[in-house]
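Quick look at what Swiss-Prot annotates:
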type	residues	note
TRANSMEM	3-23	transmembrane segment
TRANSMEM	35-55	transmembrane segment
TRANSMEM	56-76	transmembrane segment
TRANSMEM	107-127	transmembrane segment
TRANSMEM	129-149	transmembrane segment
TRANSMEM	166-186	transmembrane segment
Amino acid sequence: MDFYSLIFLSCALGMDAFAVSLCKGFSVKKLHLKHYLIVGIYFGGFQALMPTIGYFIGITFASFIASIDHWIAFILLSLIGLKMIKESLENENCDSNANQFGFKTMLALAIATSIDALAVGVSFAFLNVNLLLAIFLIGIITFILCIIALKIGNKFGIYLKNKAELLGGLVLIILGVKILIEHLFFD
């Protein structure tokens, strides 16, 4: 996977965390540095950790499914993308009690928003991906997106939440199709 695809993938994976961070920002009257750090570290950290775990799960089974790896990557990315698009079309509002930045709440949210990254990590095992670069980009881009989302959410509310998830879903599907086409026609 080339550098620009990793950038797009990182942005797409960060959209769930971006949407949650918008809600967090919406629920806080006054943001402090600790809010930015908590949201950025939890979401960015888990977005980087989960593909790493997924990658090691994937390489465990790589020899068994090497002949269909491109299909697996395509299916995983497409399903995750479709799930994100579906969620973006559901008219969910931000939780008015989303102003919780405690350990349990943030841990649960970080895990929930990074499950997609775990599945993407599995697909990394079948692709030509620089894992260290990928997890660095995923983590740092998610960190930055969440900090921006916290501020935007604090200023503008929930208007952008569903659009972020929709965009993320579309990007994942496009990447899945790109991987499939490259493998079927250009390998």
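Using the three backbone atoms N, Cα and C, a Cβ is placed for every residue, glycine included.
Within the same chain, residues 118-127, 176-177, 179-180, 182-184 sit at least 6 positions outside the transmembrane segment (56-76) and bring their C-beta atoms closer than 8 Å to a C-beta of that stretch.
Ranked by number of Cβ pairs under 8 Å to the transmembrane segment (129-149), the listed stretches 3-23, 35-55, 166-186 are led by 3-23. Away from its own ends, the transmembrane segment (107-127) comes close to residues 1, 9, 13, 16-17, 20, 42-43, 45-47, 49-59, 61-62, 65-66, 69-70, 72-73, 76-77, 79-80, 83-84, 134, 138, 172, 179 of its chain (Cβ-Cβ under 8 Å, at least six residues beyond either end).
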